[in-house]
Amino acid sequence: MSTQNTLPAPRQGLNLRRFLDEWVMLLAALAIFVLCTMFIDNFLSPLNMRGLGLAISTTGIAACTMLYCLASGHFDLSVGSVIACAGVIAAVVMRDTESVLLGVGAALLMGLVVGLINGIVIAKLRINALIATLATMQIVRGLAYIFSNGKAVGVMQEDFFIFGNGQLMGVPVPILITIVCFIFFGWLLNYTTYGRNTMAIGGNQEAALLAGVHVDRTKIIIFAVHGVIGALAGVVLASRMTSGQPMIGQGFELTVISACVLGGVSLAGGIGMIRHVIAGVLILAIIENAMNLKNIDTFYQYVIRGTILLIAVIIDRLKRR
Amino acid sequence: MRVESLRFNGIGKNFPGVRALSDISFEVRPGSVHALMGENGAGKSTLLKILGGAYQPSTGSLQIGSQTLVFKSAAESIGSGVAVIHQELHLVPEMSVAENLLLGHMPARFGLIDRSAMLRRAGELLAGLADEIDPRQRLGSLSLGQRQLVEIAKAMSRNAHVIAFDEPTSSLSAREIDRLMTIIAKLRDEGRVVLYVSHRMEEIFRICDAVTVFKDGRYVRTFDDMAELTHDQLVTCMVGRDIQDIYNYRPRPHQGQALRVEGLLGPGLHEPVSFSVAKGEVLGFFGLVGAGRTELLRLLSGLAASKAGSLTLNGRSLTLANPRDAIAAGILLCPEDRKKEGIVPLASVAENINIGARDRHLTLGCLVQGPWEKENAARQIKALNIKTPSAEQPIMYLSGGNQQKAILGRWLSMPMKVLLLDEPTRGIDIGAKAEIYQIIHGLAADGIAVIVVSSDLMEVIGISDRILVMSEGALTGEVLREQAQESRLLQLALPRTRG
């Protein structure tokens with residue numbers, strides 16, 4: 001028997017650790033929320049809660065699919081540009097055709113194309129995701145400026161504003177879309193081959209390939225879906241602002257990645273759950289909201305956000321010890 | 001040079017779920033070459049990593065002379081006069097030989113590197129060791145043997161008095177080996193402590209003054225008198241028991257051809273390879289590292305593309321564009337490097353078992369069937385005796401043998417016709433080895449054709465019905481079980497071009 005070489009696995013410790021890995025950040029988000037309600041005036045006011053929800057929505061939607069990129073061992077820097085370009089394209093197409101459907105469709109199609117390009121370049125040509133998406137980030141940002149002539153493009157169609165300003169039973173539509181995304185992509189990750197294969201690829205690509213997983217195809221789908229969802233976030237944002245703005249969302253990709261990592265998604269791939277994403281998005285948004293309510297200078301907010309990100313990656317590193 | 005002896009005092013090392021070393025104690029005298037021997041996974045490399053400061057021991061300590069030491073980093077190890085020369089050399093290919101030699105302490109004047117002093121110093125270090133190497137050369141342009149000499153010169157520059165070599169000859173030519181032996185003899189005559197890890201018996205008997213044998217992470221014994229030691233004694237000591245009983249071989253009928261390979265050529269194969277394997281047969285492939293066996297399995301499993309040749313499975317011709325094609329045909333591979341190519345380390349045991357078969361048990365073409373997966377994982381864990389606290393345990397916490405059994409479980413969940421095993425028991429303790437042999441023979445009895453690649457001579461002889469030998473990318477011989485002898489197989493496996 002192999003008992004001579006096998007120690008009884010430290011089961012109790014492992015379970016506790018796994019429990020912490022999975023839930024600690026969500027509990028932390030809850031704790032921060034409670035602290036804010038206790039110590040910050042107006043934090044719990046309906047108006048502020050609504051603002052907080054909206055602040056979560058854009059990051060939350062994009063983070064759902066960034067989770068897949070990270071879990072597969074990659075990431076996507078182009079999502080900020082995709083958001084801007086999607087808003088611009090939707091606005092320009094609606095200006096020219098007066099059709100909301102065409103405008104939104106064109107924006108999502110752009111997201112799909114950019115995602116496919118990212119996916120194919122990364123999966124088939126084996127180009128590092130950093131370089132590949134750094135390139136598309138700049139290309140797509142450039143296109144956003146070109147399509148809009150560098151200026152915000154206003155939207156006249158009332159129907160379009162449903163995405164950003166509509167309500168269903170008192171809940172703003174962007175928040176509903178975010179919740180649907182959280183549920184859908186969380187479910188997808190656990191209950192479909194697509195989701196399980198994503199985790200396996202991030203955990204060990206070679207092993208996944210040898211076990212018969214469609215590695216390249218899965219990666220391309222991950223980036224394509226991420227492109228479409230990024231564009232959807234862009235449409236929602238444009239709708240909220242009633243215009244497509246080419247300069248919006250700069251540095252947004254980093255906010256999304258830091259939200260994921262803060263929540264517990266591993267930058268190295270193979271570890272990630274939707275509750276990590278929810279926790280990370282909540283923590284970042286609540287802290288930002290609290291800083292605004294406390295009138296903390298924007299300059300200091302940068303320092304604080306950077307510090308939080310640094311702590312998050314250090315935690316990620318320590319977890320893999 | 002006055003050097004003191006090196007002692008290992010009760011060294012133990014635990015990794016999560018695995019005890020790599022336990023209670024290792026022995027002494028190495030200065031002015032001697034001391035060999036460490038043992039099967040793969042016996043713990044030699046772990047011990048050298050502890051000596052080099054890369055790992056910290058869980059128990060015990062080192063002792064150099066009267067000083068008791070535990071190195072917390074490679075820097076501390078170097079500072080105490082220890083140099084470990086690893087299989088993968090720690091050199092920078094894009095820098096010059098001189099820069100590599102003096103990395104970390106380059107001669108400088110006012111913060112600027114003094115190039116002429118650097119070249120002079122490098123020249124002095126190489127003198128007598130490798131005079132033909134120009135210190136200005138880019139390191140990447142040197143042969144592997146020359147790079148090893150640079151690494152040795154680097155160790156000498158730090159005036160290391162304990163020098164450990166980890167399988168230094170595995171990539172050297174015969175001439176380079178001769179020179180290395182001369183240098184090692186010189187290091188010994190200068191009175192240094194030399195540790196030497198190798199699998200090659202002839203080197204051990206040629207250069208070493210003492211041998212310590214390890215087995216399954218434990219110290220077995222030290223032989224001090226090489227003149228009294230025979231080859232067979234050493235092997236028996238390494239294997240540690242009568243070999244027959246762990247292989248559990250029983251003759252069984254073969255049932256007609258399963259896989260036929262004809263004129264196969266591809267990366268790593270220098271001559272066309274043809275052979276066939278019958279249903280219910282265990283076909284062994286023996287050869288030295290780099291003989292082309294792993295490359296052959298990569299071709300058979302669709303991982304690499306063949307340049308010529310044909311495959312026939314159960315009478316039907318077969319083309320493999322990727323691993324999925326091979327899996328669909330029932331040709332399943334357990335790869336050599338379990339960690340790198342076999343398991344998804346962070347994922348659970350259940351996940352690792354179900355990853356392959358999942359596609360065949362879906363609802364609506366994409367939804368995972370939770371109950372089936374749970375049941376299948378439980379079934380394989382039970383059938384293969386995989387020791388894990390639960391199916392949800394991340395597989396990286398399991399021992400190598402249990403990881404290998406989980407990969408076997410992955411394939412047992414699917415229709416199997418040919419099973420390809422690449423070094424199936426490397427780094428696995430003896431108990432799990434015996435279980436894996438039993439599984440192999442059970443599969444063969446069920447009519448599966450099994451191809452086993454192994455560098456472990458006794459394993460190949462112990463489990464195979466028939467053995468094919470490869471050398472330098474070509475088949476060099478076929479030996480039936482009844483005729484299988486170590487010397488015959490080794491002779492076929494040795495490269496003919498080598499001196």
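Each Cβ is built from the backbone N, Cα and C atoms, and glycine gets one as well.
Outside the transmembrane segment (A:23-40), and at least 6 residues removed from its termini, the chain residues within Cβ reach (under 8 Å) are 262-264, 275-276, 278-280, 282-283, 286-287, 289-290, 293-294. Look at TrEMBL and you will find A:23-40 (among others) tagged as transmembrane segment.
Sequence annotations record features per position, and here TrEMBL assigns transmembrane segment to A:52-71 (among others).
Residues 58, 62, 66, 100, 102-104, 106-108, 110-111, 114, 118, 130, 133-134, 136-141, 143-144, 147-148, 153-157, 160, 226-227, 230-235, 237-238, 241, 243-254, 256 of the same chain lie 6 or more positions beyond the ends of the transmembrane segment (A:77-94) yet place their CB under 8 Å from a CB of it. Residues annotated as transmembrane segment in TrEMBL: A:77-94 (among others).
The transmembrane segment annotation in TrEMBL covers A:101-123 (among others). Beyond the transmembrane segment (A:101-123), the same-chain residues lying 6 or more positions past its ends with a Cβ under 8 Å from any Cβ of the stretch are 74, 76, 78, 82, 85-87, 89-94, 129, 132-133, 136, 140, 157, 160, 163, 215-217, 219-232, 234-235.
Residues or ranges marked as transmembrane segment by TrEMBL: A:129-147 (among others).
If one looks beyond the transmembrane segment (A:168-189) by at least 6 residues along the same chain, the residues whose Cβ comes under 8 Å of a Cβ in the stretch are 50, 53-54, 56-58, 60-61, 64-65, 67-68, 71, 162, 195-196, 198-199, 229, 232, 236, 240, 272-275, 277-278. TrEMBL lists A:168-189 (among others) with the feature transmembrane segment.
Non-local neighbours of the transmembrane segment (A:220-242) in the same chain are 54, 57-58, 61-62, 64-66, 68-69, 72, 74, 76, 78-79, 82-88, 90-91, 104, 107-108, 110-116, 118-120, 122-124, 154-155, 160-165, 173-174, 177, 181, 194, 198, 248-249; each lies 6+ residues outside the stretch with a CB under 8 Å from one of its CB atoms. The transmembrane segment annotation in TrEMBL covers A:220-242 (among others).
The transmembrane segment annotation in TrEMBL covers A:254-287 (among others). Within its own chain, the transmembrane segment (A:254-287) is flanked in space by residues 21-26, 28-29, 32-33, 36, 52, 55-56, 59-60, 62-64, 66-67, 70-75, 79-80, 182, 185-186, 189, 199, 201-204, 304-305, 308-309, 312-313, 316, 319-320, which lie at least six positions past its ends and keep a Cβ under 8 Å from the stretch.
TrEMBL lists A:299-318 (among others) with the feature transmembrane segment.
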